Every structure is written in C-alpha cells, then in structure tokens.
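Engineer: First the structure, then my questions, so here it is.
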Amino acid sequence: MGWAIALHGGAGDIALNLETERREPREEGLRHCLEIGVAALKANKSPLDVVELVVRELENHPHFNAGRGSVLTRNGTVEMEASIMDGRTKKCGAVSGLTTVVNAISLARLVMENTPHIYLAFDGAEAFAREQGVETVDSSYFVTPENVARLKQAQEANRVQVDYTPPLQKEEQIPPADGESQIGTVGCVAVDGNGNLAAATSTGGLVNKMVGRIGDTPIVGAGNYANSYCAVSATGKGESIIRGTVARDVAALMEFKGLTLKEAAAYVVESVPKGTCGLIAVSATGEVTMQFNTTGMFRASATEDGHSEIGIWHPGQC
Amino acid sequence: MGGWAIAVHGGAGIDPNLPVERQEEAKQLLTRCLNLGISALRSHCPAIDVVELVVRELETDPLFNSGRGSALTEHGTVEMEASIMDGKGRRCGAVSGLTTVKNPISLARLVMDKSPHSYLAFSGAEAFARQQGVELVDNEYFITEENKGMLKQAKEAKSILFDYRIPLPSKETCAAAAAENVLQMNGLPISVYAPETVGCVVVDGKGNCAAATSTGGLMNKMTGRIGDSPIIGSGTYACDLCAVSCTGEGEAIIRATLARDVAAVMEYKGLGLQEAVNFVIKEKLDEGKAGLIAVSSNGEVACGFNCNGMFRGCASENGFMEVGLWE
C-alpha cells in the first residue's frame, strides 16, 4: 500500500543511439514532471488533481507530442486530444480536435465536471473552451520547427503509402519517417494511500495524420482508463490500441481473471502487434508497472516506499 | 458451429404511452430489416456486409434516431456518428460529426477499409466522404418535423431542470422532485426522449461476427458531443467470440465500456453469451440505463436492457424469430 505514480512521454521506435541533445531534454522533462507529481502526492493532493497537473506539465514541454510540441496533420495544422478518468467514480472526460487550447487535459477535466457529456470534439469543444474561459493561444504556439521538419520528412517518405486513394494494406502504413514519428502521447497514472486511482493521457496524434483523425488517446478504454482496480495510460499506434481496447483490458484481466497488475499488463502488451504499444499502470495497492513492445518508451515512476526510476529503452539496453 | 444469427435494435427507452400505431410501425420496420439481413445471410454474405446493409436501411428510414430522423443538437442541426467492427481481425472504423453523409455507417466502413486510420470526425470526415464519393445530401434532409417539436420540448424540460449551468440548489426544488417520479432517460422525461441509436449484430454461417451502430445522438446535445456509438468497446464491439451493439445513456455506456465488457467476461470469465449480457447489464451500468444486442460465434443471440423497453428483433438459422418492444 501507499501512493504510486507513473508517467510516460510516448512509446515507439526510439533509436538506441538517440542523440544526446534529443535524449537529455526529455530525460530532464520526465524527471521534472515526476518530481512535481511526487510532491503533489506527498501534499495529499487527489490522484485526479495529480494526473492533471503532471500531464499539463508534459503538455507544456515542447519535446513531447502533446500541447506545445504536438505533431502536425497532413495540412500542417495541430489537432490535439486528451482524456482523463477518475477510478473511484469512473467519471471521465475527453476532447478531440483542439486547435487553440493550451492544456487539452484540463479541458477534458472540465467536460467531465461541467457538462452532462463525456466527450466534446472540434468546434463544439473549442466553443466550450471559450465559454469556460480556459487559456487559449494562437495555433502557431503549438508548432515547433522540429515538427515542421518532421512533417516534411514524413510526407516525402510516405506520399504513396498514406494516400488512401489506392487500395492499401493497413498493417504496412505509416512507416516511421525518422524513427520517432510514431512516438505520440504523454500520460500519467497515480494512486494515493487510500487506493484512489486516476489516469490522464494527452496527444497531438500522429505525424501527417488526416485532418479529423481521432486516435486512441481520447477513447475511454483504449488509450486511457481507471476503475477501482487500476489506472492505465497507453501509447503507441492508435489504431492497434483501439482495436485491442488496451487500457480497459488491463483492468478487465484483473477484474475478471484475477491477474495481478504486472501479469495483466504483460498479457495485454503481448496480445497487440509487436512495435505498436506501451503502457503505464498503477494498482489500488500501490504497485506500478511500465511495459512496452516497442524499442523504447520515455517513462518514469515512483512509489511511496522510495523506489524511483526513469527510463527509455528495455532494461539491459544502454 | 450453430449457424447464422442476427439481431437488430432501434434504441432503448420507450415511452410507455407510445401510440399503438407507432409501435406497429416500429415492429414492421424491425421485421423488414431482419428479413433483409436474413436473405443476405442465406445468400452467404459475410457478416460485415450484412450489418452494414441492415444499418443502412435503418438509417434511411426516418423512424429511428439515425441518418434521416436523427435527433437534433441544441442548435437544431444534425450531427451523426457511427461505427462498425469486423470480429475477424478486429478491424474497425468510426465516424463522428457528419452533417451531409446520407449513410454514416458506410463511411465508417470506408474509414476501416480505405484510410490508414480507425476514426475520422467532423470536417475531416466530411472531406473524406467527398473524396470517396459517397452519397451526400443537404443537412435539412435528416431533419424531420417531429424532431423539431421534440427539440423544443426537450429545451423546455431542460431549461427548468437539467441545465448544467444552473447552480446545484435548484435541484432541490419541488419541480425537480416531481420530475424524479417520471420515467427518464438521459435526464429527459421519456415522452421527449428520442431513443438513441440503431444497431445490428450478425454471425454468419462461417462463425464470423460483426457489429454496426449508428446514431444522431442525444436530443438537444451540445454541438461537438460524441456519445458511445462511434466508440469501439463502448457502443460497438466484435471479436472472434461475439459481436455487440449498445444503446441508451451514452455516458453510462462509455464509463462501462459496455460492448467490450460483454466480450471480456466471455473471454476472461468463461461466461456464455446470455450470462455475459445479463452480467454486464446488472453489474456494469451502475445507475445508467441502457440496452444491448449480441450474437456469439456459435450462433446464439441475446439481448438485455435495464430501461423501459427496447426496439429489437432477432432471428437465427434454426427458425427462431422475434420482434419486441417491451420485456
């Protein structure tokens, strides 16, 4: 028992020789966000507040694909999405298609708390943001030079594969242009000393995605889920995570099959195609697990008994 | 292998005072859709084609809340959504925020078959529709006179009792207390509630399952609201064990990941289809009201609901056929 927290900055084909100037700011970002989360848990903030706080911080960090630093659609625009869920009440909120909201995760929380709905998208979500008075900025704030270059690269590499006019085989699409284009999503899961759980996930989506594309992140049960057993945030190839109902399945395996958190997470990560998925999860009893079938996952975790780690690749590598 | 089976629904939560002739119309439409699906199954159409065919028919008929006859947003417009899933390979496609696409379910199928993604929404989905050349109509086509009247009534009911911007103490008024004694769905008196959603689930003679769900959403919904229908695992789900389509209070269905949970308790807890349906309706919905239809790969068919009635019909290869509204 005791509190626990885990967070991620995306899973994918992260080169083992990732340049120092790209690795270090992310490691630093993970460390910074972990410290913020741990401090908030120690100050007895609720897990729901903690995951929102940490994901806001990850969104504000330009090196992760969410908020500022979001990857770009085919048209060079940003369309962000996010969701949040409270394990005790199973209340949840989600947003998609945001173009001006600084912190998508906080708007998801407002959808959960201040509307009769769970999920608002595109113009309706933007109108709700203005009505609620959350911070909005010009869309250009979210666009980083690195992502402009990444889109150009992706479009040059994928012009044929991603165009949906000719028939295509789904599994072969969206090859990573620079080995990082599939690294999307940030997330945080937390449990307090009383076993209250919460999960939050946020993303800019997939490089060169079609305008209007919705991935797994805002889908309750796919990219994000929390109940009285555990809280889960997933990252990777959205289409695989949706069809695998990944986040719900970790909880369902604990609930219906009696597996432990680690067993359930391993089972789910094993059951989706290799190279498509990573997840972080905490249980009501304060266990934490971070598993992935990709080359790497930017991740960090800490528990009340003093354990703390930050990692990118599988243990034993680098 | 138990042969083919099919179930259709036209939404859960029916006004007990619904005129008898409207009940008959609904039964006739459900029967016609069942027969359409049955002939396709007898002609050895794959399950995924049958669910699309049947849901297209339900969308095209104005009677139920999907396609023509969709419920209206707070601005009086129509925003439709749908999803489809093939149990074989668990391939899926979903759409939201459609305003001109005549048959949302077929666009969801095209997202599954012809795009690199699983889910497209709003203007991006409309652009994809134009690119794919599907049939488009003016938004007015979807709007019926009856739904305009329902929106007005829903606004009147909501402006007093259910506006979320009104501070909490108003809930304690006697008007609210009186309303609690009235049958409700989604915070609306059942007489102005438009049952959400149509759906179809099928297992074909080869044991392949598929599910499809389509809706105009909730009457008087906020613009941009997404419900359970396009959410894989909530409103729609299919795998190699079963196929499920849900209807009712979207938010309760999403929280419960209702469709996936039917499959999950079969897969992880070893329950049979009807047991699984009963379990999720009883244990997973909390206070929410919803219904669902389901088929299993060995040819069973089941339905369940915890609200006042569900428009539904089902049939299987052994000659069983049933169309019903009430318990």
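Glycine is no exception: its Cβ is also placed from the backbone N, Cα and C atoms.
Values in this document were obtained by computation on a predicted structure and should not be read as measured data.
Look at TrEMBL and you will find A:THR185 tagged as active site, nucleophile. Positions annotated as substrate binding site by TrEMBL: A:ARG213, A:ILE214, A:GLY215, A:ASP216, A:THR235, A:GLY236, A:LYS237, A:GLY238.
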Engineer: In whole Å, how far does the CA atom of A:LYS237 (substrate binding site) lie from that of the residue listed as 'active site, nucleophile'?
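Structural biologist: On Cα coordinates alone, these residues lie 10 Å apart.
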Engineer: Taking each of the binding-site residues A:ARG213, A:LYS237 in turn and counting other Cβ atoms within 10 Å of its Cβ, which one has the fewest?
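Structural biologist: Output over binding-site residues A:ARG213, A:LYS237: least Cβ neighbours within 10 Å is A:LYS237.
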Engineer: Between the two most separated Cα atoms in A:ARG213, A:ILE214, A:GLY215, A:ASP216, A:THR235, A:GLY236, A:LYS237, A:GLY238, the residues recorded as binding substrate, what distance in Å do you get?
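Structural biologist: 16 Å is the greatest Cα spacing among the residues binding substrate.
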Engineer: How big is the gap, in Å, between the Cα of A:GLY215 (substrate binding site) and that of A:THR185 (active site, nucleophile), rounded to a whole number?
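Structural biologist: That separation, Cα to Cα, works out to 10 Å.
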Engineer: Near the Cβ of A:GLY215 (substrate binding site), how many other Cβ atoms are there if near means within 10 Å?
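Structural biologist: Result for A:GLY215 (substrate binding site): 27 other Cβ atoms within 10 Å.
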Engineer: Within 10 Å of the Cβ of A:GLY238 (substrate binding site), how many other Cβ atoms are there?
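Structural biologist: Other Cβ atoms within 10 Å of A:GLY238 (substrate binding site): 31.
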Engineer: So how many other Cβ atoms are close to A:ILE214 (substrate binding site), meaning within 10 Å of its Cβ?
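Structural biologist: Its Cβ shell of radius 10 Å holds 33 other Cβ atoms.
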Engineer: Do you know offhand how many angstrom separate A:THR185 (active site, nucleophile) and A:THR235 (substrate binding site) by C-alpha?
Structural biologist: 6
Engineer: Which ones, of the recorded positions A:THR185, A:ARG213, A:THR235, A:LYS237, A:GLY238, are Cβ-proximal to chain B (under 8 Å)?
Structural biologist: A:ARG213, A:GLY238
